[in-house]
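Asker: My questions will all concern the structure given below.
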Amino acid sequence: MKLTQRLSLRVRLTLIFLILVSITWAISSFVAWRKTTDNVDELFDTQLMLFARRLSTLDLNEINAPQRMAHTPKKLKHGHIDDDALAFAIFSADGKMLLHDGDNGQDIPYRYRREGFDNGYLKDDNDLWRFLWLNSADGKYRIVVGQEWDYREDMALAIVAAQLTPWLIALPFMLLILLLLLHRELRPLKKLAQALRFRSPESETPLDAKGVPSEVRPLVEALNQLFSRIHSMMVRERRFTSDAAHELRSPLAALKVQTEVAQLSGDDPLSRDKALTQLHAGIDRATRLVDQLLTLSRLDSLNNLQDVAEISLEELLQSAVMDIYHPAQQANIDVRLQLNAHDVIRTGQPLLLSLLVRNLLDNAIRYSPQGSVVDVTLHARSFTVRDNGPGVAPEILTHIGERFYRPPGQSVTGSGLGLSIVRRIATLHGMTVSFGNAAEGGFEAVVSW
């Protein structure tokens, strides 16, 4: 098995072809041999019967002593006919030879048992013969006609060889044609292998499936899809690395500055405590940024959701509002939940949908002024998170949800990734997210399906 796996496809197909042809040729030869020998035996048995009946029509009463026909040279051949392959003799009822052909007939032993065909040997000879015994019309004489079995077999072999030899001669030409066809049909695969060998890892150009056999075309299409996914993943990774490096540069620089301030504060405890407080806040911001970067990276690598379940959005929103209640109270913001629909069920990943709702609520609380109200409303085909703040300028609204985008002049710290995470989770669940200014005032996010 290991040896055949190391062989090329062309060699394996050629070997299979040769094996199949050899088996077919052997079976055909065997069948042809059996059919030919049966036909030859039937033909020659018929000739022996006719010959014996001709002899029985002679006037055998004139035979008084053993006689023989005119002697002919041994094995006189006319074409492919051996004249000593056929012999006859006539015996009396008591086994006395009365007439023979002057050649092999005189060596036929008298072994009459009944009329019909029988096999036997000539005197002092090891070659098997086919004999036909026949009684004369008056029953006084025994006529025997014989033919050598080797002659029949040689005749059958000659007929079979004449039939199969052209096929045997044509076999090398068939093999040559097969090799040429295999070379032509496998040429697209060679080109495909060469294209893969010299393909750049960053290339997004699809493989050319022109001329590729239909059995291999699904493989080429699957490879093209794989290359497209790999290219998209590499683009995302590059963008993620670039964005992460850019966004982490500022917090890390701020941490370095606060560390230096703490070191330079000397014996001033107020300056040192202030610097350490700001350092702690900076570490929190950097930690939050790293967490969001890792979350977004994991979401980008997902194509299909795992561990999905049927989720009640009513329970999901209630749980999210309860979780955000204390941070909202500390910010002097009231969060209200209104259920305009019940028993709204969606299939999804529970943790991701919880993260989506939590990010929307966290964004609303972080950017709403104190004393604001955040309304969460569930409908049959959507849910809305809306605050009653000043809203967002139209020129800024078009950029909301982009990665690392933060409106200018913001006093609240953030990374600009929260709403990007929301949009990605919604996409994975077949939902759409829209951001805009509410008619009653304030900013709202609508998640619909």
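In case you wondered, yes, glycine gets a Cβ from its N, Cα and C as well.
Quick paste from Swiss-Prot:
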DOMAIN    183-235  domain 'HAMP'
DOMAIN    243-449  domain 'Histidine kinase'
MOD_RES   His246  phosphohistidine
TOPO_DOM  1-12  topological domain 'Cytoplasmic'
TOPO_DOM  34-161  topological domain 'Periplasmic'
TOPO_DOM  183-449  topological domain 'Cytoplasmic'
TRANSMEM  13-33  transmembrane segment
TRANSMEM  162-182  transmembrane segment
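Can you tell me where each of these features sits in this structure?
Answerer: For the domain 'HAMP' (183-235), the model's pLDDT averages out at 81.
Long-range contacts of the transmembrane segment (13-33) within the same chain: residues 7, 156-157, 160, 163-164, 167-168, 171, 174-175, 178-179, 182, each at least 6 residues beyond the stretch ends and with a Cβ under 8 Å from a Cβ of the stretch.
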Asker: Who are the chain neighbours of the transmembrane segment (162-182) in space, where the CB to CB distance is under 8 Å and they lie at least 6 residues beyond its ends?
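Answerer: Sequence-remote neighbours of the transmembrane segment (162-182) are 10, 13-14, 17-18, 21, 25, 28-29, 32.
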Asker: Mind checking how the domain 'HAMP' (183-235) divides into helix, strand and coil residues in DSSP?
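Answerer: Across the domain 'HAMP' (183-235), the residues distribute as 34 helix, 0 strand, 19 coil.
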